[in-house]
Amino acid sequence: MAKFVFVTGGVVSSIGKGIVAASLGRLLKSRGYSVSILKLDPYLNVDPGTMSPYQHGEVFVTEDGAETDLDLGHYERFTDTAMSRLNSVTTGSIYQSVINKERRGDYNGGTVQVIPHITGEIRERIHRVASNSNADVVITEIGGTVGDIESLPFLEAIREFRGDVGRHDLAYIHVTLLPYIGTSGELKTKPTQHSVKELRSIGIQPDVLVCRSDREINAELKRKIGGFCGVHERAVIPSLDADSIYAVPQTLEEQGLCREVLDVLNLTDHDSDMRAWQQLVHKMRNPGPAVKVALVGKYVQLNDAYLSVVEALRHACLAQDASLDLHWVCAEEIENRGADALLHGMDAVVVPGGFGNRGVDGKVAAIRWAREQRIPFLGLCLGMQCAVIEWARNLAGLTDATSAELEPGTSHPVIHLLPEQQDVVDLGGTMRLGVYPCRIAEGSMADRLYGDEVVYERHRHRYEFNNAYRNLFLESGYRISGSSPDGRLVELIELPEHPFFTACQYHPEFLSRPGQPHPLFRGLIEAAQQRLPNSPSEIKATA
């Protein structure tokens, strides 16, 4: 039977609950326990798929095609465990399910209420993750901050959860902030005390407190916090600001987080094997020469909009003994100032996914610059579509070529709507989503990088390469290096005469891990390293 851990947050938002949950997952796995982590998000959207990246950040896509919160990316990268649509729950999806049941008559004419119907549905979702994953421990992160009206049904549900399982089958972790007041030279505990008081008023007594701080928390302060909050001193876990999120698991291990949780859950504290993770963190803190990578995007004002892309670049640099010097470049600025003004001196260019017309011409200009200057280039999803548009306009003489998404009446729709999308009306959850196979062309650069005949990648798109232009594309010197098994869908393209010019319709960033960088990102960094002074004469072979 699974054990359950609930992670709540107090004092301020964005306190780091997701990293704490992911770190605990990593520590439990290092002791041989299997883990699944889910996120309860208190917004009324059914999922984040139609939300603006400026408001929500990246949409992370799971293997089974769920559009989820970016925290699921942290869960997967830290635990190296694939999550599913069951691991992402929103208030909107809960209410949708309950209302659908009411319409079907499932409640036999009863009055449908927040308690017990909404809270019962929330509890059922948590149990469903446990039964489907067969995990030893299910960790649940509750979004929002204790005290928010939106979070109350979730907090009530996890309070009720005690009645579903035994006392030693669940643990409550509360993540708080200890602010430092410079004029008094003190870390203040009162906000944490009030946050725990609020949690207790709901009926939840935390077992462990994780206290965020920018400086050391001494033993006296831990005793004070424990005394006022009803938590043993050893269960007050300091979490100091770290230079990397990947350093957090080891910090929390040293402070005894996993030991305390296992004690509450009455589980054996097996020996932990964190050696590989420690080596990764050591390499991060002792990197090699920097590679300058330009990320040309539409939403660069909010870095979280491209979180998995940035992490994939970091993983690749880690594997290549390089440090990442990332330059955020607004695609619209390229339209105003020109590509060379903003990209000169870069060792590589990445154009990630996105939607809509804004900034597309800037992305196309950046791709042309990378092609003509022979700078390593990687395009992702819309980035591949922009690479095809750039080819059509500048090499095939189709000056008005574009995507049917951007200009439905274009005379040269080199990118067009997937046939199965023709009759789709709703926006949410209706794209080509999740894992699909891709057959790699023998002898291609992709073949060298992947080393597999068929790979499985995650997708999120409605539009595709228009096969009416396939022959013209191939005659221009480009190569289709990856396609659907039936050959119908173009998944991966490359330019053989270029040092590294490749673009894919899928999202490889979602499969990159700290110890297992995605082959396309590693290939990009390998190629970028060849531009550095004193670079080796040959690109290192991909492991």
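Note that Cβ sites are derived from N, Cα and C of the backbone, with glycine treated the same way.
What Swiss-Prot records for 1-267 is region 'Amidoligase domain'.
Close to Lys190 (UTP binding site) in the fold, though at least 6 residues off in sequence, lies no residue with a CB less than 8 Å from its CB. Under the heading UTP binding site, Swiss-Prot lists Ser13, Lys188, Thr189, Lys190, Pro191, Thr192, Gln193, Lys224.
DSSP gives Gln193 (UTP binding site) a helix state. Counting only same-chain residues six or more apart in sequence, the Cβ atoms lying under 8 angstroms from the Cβ of Gln193 (UTP binding site) belong to Ile225, Phe228, Cys229. For Ser13, Asp148, Ile149, Glu150, Lys188, Thr189, Lys190, Pro191, Thr192, Gln193, Lys224, the entry in Swiss-Prot reads CTP binding site, with the evidence type sequence analysis.
In sequence order, the list of same-chain residues 6 or more apart from Ser14 (ATP binding site) whose Cβ falls under 8 Å from its Cβ is empty. Secondary structure from DSSP puts Ser14 (ATP binding site) in coil. Per Swiss-Prot, the feature ATP binding site maps to Ser14, Ile15, Gly16, Lys17, Gly18, Ile19, Asp71; the stated evidence is sequence analysis.
Taking the Cβ of Tyr54 (L-glutamine binding site) as centre and 10 Å as the limit, one finds 11 other Cβ atoms among all the protein chains shown. If you look up Swiss-Prot, you'll see Tyr54, Gly354, Leu382, Gly383, Met384, Gln385, Glu405, Arg462 marked as L-glutamine binding site.
Spatially close to Glu141 (Mg(2+) binding site) yet at least six residues away along the chain are Val7, Lys17, Gly18, Ala21, Ile37, Leu38, Lys39, Leu40, Asp71, judged by Cβ distances under 8 angstroms. Summarising the annotation, Swiss-Prot assigns Mg(2+) binding site to Asp71, Glu141.
Summarising the annotation, Swiss-Prot assigns domain 'Glutamine amidotransferase type-1' to 292-534.
According to its DSSP assignment, Cys381 (active site, nucleophile) is coil. Take the CB of Cys381 (active site, nucleophile) and look out to 10 A: across all protein chains shown you find 23 other CB atoms. The active site, nucleophile annotation in Swiss-Prot covers Cys381 and is backed by sequence analysis.
Annotation source Swiss-Prot lists active site at His507 (among others), citing sequence analysis. There are 23 other CB atoms within 10 A of the CB of His507 (active site), with all protein chains counted.
Residues or ranges marked as active site by Swiss-Prot: Glu509 (among others). Sequence-distant contacts (6 or more apart, same chain, Cβ under 8 Å) of Glu509 (active site) comprise Ser308, Val309, Glu311, Ala312, Pro352, Leu380, His518, Phe521.
Each of the binding-site residues Ser13, Thr189, Thr192, Gln385 was scored by other CB atoms within 10 A of its CB, and the lowest score goes to Ser13. Under the three-state DSSP scheme, Glu141 (Mg(2+) binding site) falls in the strand class. For Lys224 (UTP binding site), the nearest of the recorded positions by C-alpha distance turns out to be Ile15; the candidates were Ile15, Ile19, His507. Of the listed binding-site residues, namely Lys17, Lys224, the sparsest Cβ surroundings within 10 Å are found at Lys224. Cβ proximity to the ATP site centre (mean Cβ of Ser14, Ile15, Gly16, Lys17, Gly18, Ile19, Asp71, cutoff 8 Å) flags the following additional same-chain residues: Gly9, Val20, Ala21, Glu141, Val175. Here the Cα atom of Gly383 (L-glutamine binding site) is found 48 Å from that of Thr189 (UTP binding site). Taking the C-alpha positions, the distance from His507 (active site) to Tyr54 (L-glutamine binding site) comes to 20 Å.
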